[in-house]
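Enquirer: Let me begin by handing over the structure; questions about it come next.
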């Protein structure tokens, strides 16, 4: 983002959004497999519609997993336990149609070598990581607060304080930037699925007072801030009944809310041999440590790969003029301190663990979950000393 005055908007969605239901099922299946077989190859795709879940993709594993039960358990945990909500975990149909990974891909990824770190990338592609000093977790403010809003909606729904809330919700936050810094919230949009008997005036008041205002620190919400709550006037039909959900349809919500480019590859349902996921996590790890080291206020990292080749084709750093040393010098430090080969990333971030279901809602980045190794800033001191 350029250093001037502008408005910038990001959105998030709740765990009950149909695309996020699909993401969470895909990652729950990945975790169930990894619990038994951490060397499995998994590309688990999910479609969910009214009363129907379809599981497809490619899985090569020695694990014995009840995929149908994993899907039902995930839907129940999200809160879809009544047909009136759009899908019911007890009665929905679950169809399973998994194949094995293509041997043509496997020969490049699993190629035996004296140096096992030379495992090839599972596909070609480009990935981005980003960090900035706008929030405590070094994330852009609009997406960070958009996540907070739908997390609070879920919290108030689950603990019964607002019992008329239902699982599906979306948020959108527009910040006003002055000299490249977020100074106030211009507009908040929050749409939440609700019980049919609750009035729109009651929804409007509760959402503003109990969800929106507590999600922001003092000073960001001003008398000028505009609130748009359920702008269509009614949101009873939601979840997979309102829209068909698909894995990988919320890649900007999953990352930085549009604050930096996206390579196009989704995360959920993919084991870490897929650089779409693992290299994007590594790029975030790199960018966050660069900012934490004080080498820049903003840092964007691009990496790219060729299928079957271990070394990244490029590692490019862009600090948008905020770096205290040249971007090329930061990129050189990155190459010296981070192993961005696919297997190097897996080892560096300890990715062969059943940790992925947590990532599938409320963002893969900017969260202080102990399993999220890519959020650590343990390399910051090394980078600072080397600079």
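Heads up, the Cβ atoms here are built off N, Cα and C, so glycines get one too.
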Enquirer: For the annotation region 'Flexible loop' in Swiss-Prot, which listed range does it cover: 101-111, 112-122, 123-133, 134-144?
Expert: 101-111
Enquirer: Taking the Cα of residue 58 (L-methionine binding site) as the centre, which of the binding-site residues listed as 17, 19, 169, 243 lie within 10 Å of it?
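Expert: Qualifying among 17, 19, 169, 243: none.
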Enquirer: Measuring Cα to Cα, how many Å separate residue 101 (L-methionine binding site) from residue 169 (ATP binding site)?
Expert: 35
Enquirer: Using a 10 angstroms cut-off on Cβ to Cβ distances, just flag whichever of 17, 234, 270, 274 is the loneliest among these binding-site residues.
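Expert: Among the binding-site residues 17, 234, 270, 274, the sparsest Cβ neighbourhood within 10 Å belongs to 234.
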Enquirer: Given a 10 Å Cβ-Cβ cut-off, pick out the one of the binding-site residues 45, 243 that has the most other Cβ atoms nearby.
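Expert: The residue with the densest Cβ neighbourhood is 45.
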Enquirer: Which has the fewest other Cβ atoms within 10 Å: 19, 58, the binding-site residues listed?
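Expert: So among 19, 58, the binding-site residues given, the one with the fewest Cβ atoms within 10 Å is 58.
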Enquirer: Among 169, 234, 250, 270, 274, these being the binding-site residues, pick the one whose CA is nearest to that of residue 45 (K(+) binding site).
Expert: 270
Enquirer: If you measure from the Cα of residue 274 (L-methionine binding site), which of the binding-site residues 17, 19, 169, 234, 243 is the nearest?
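Expert: Its closest listed neighbour, by Cα, is 19.
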